[in-house]
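*Asks:* Have a look at this one before I ask anything.
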Amino acid sequence: DGMETVKARQDYFKSLGGAMKALSGVAKNYDAEAAKAEAAKLEAILATDIKPLFAPGTSDADFPGESEAKASIWENMEDFGAKGQAMHEAGMELIAAANTGEASAFGPALKKLGGTCKACHDDYRAEH
């Protein structure tokens, strides 16, 4: 069912957003153990295969007011996939930075991950 897919996708991105918020909190008042713990949560989220969450027929055109995924995702799947891959790679870099215990590596890696979120949202997330 398309609406179930929309809800599952939203739940996934809410969990990712929650992780970003927690990681940002760690960056503001750096604590190596907290960074490692939050990075482990991020790693679990990033292990999810999100391809099924972007099934055709689940865009904002299909579910107005519910879905925030622009129909252009399915028209530009190669670019969308590349943006998703960039997010995943930046996330893994952040996890590696957190595991070093070095605050100096953590902040830039978090900023890079946030940039990948914005890049995709700017092109493919509908405003409601």
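Every residue, even glycine, has its Cβ placed from backbone N, Cα and C.
Found this in Swiss-Prot, in case it helps:
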BINDING   R9, K14, S67, E68, C117, C120, H121  heme c binding site
*Asks:* Among residues R9, K14, S67, E68, C117, C120, H121 annotated as binding heme c, what is the maximum Cα-Cα distance? Answer in Å.
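*Replies:* Of all Cα pairs among the recorded heme c binders, the widest measures 17 Å.
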*Asks:* Let me spell it out: for each of the binding-site residues (R9, K14, H121), count the other Cβ atoms within 10 Å of that residue's Cβ, using every protein chain shown. Which one has the most?
*Replies:* R9
*Asks:* Neighbour count, 10 Å Cβ-Cβ cut-off, for E68 (heme c binding site): what number do you get?
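*Replies:* There are 18 of them.
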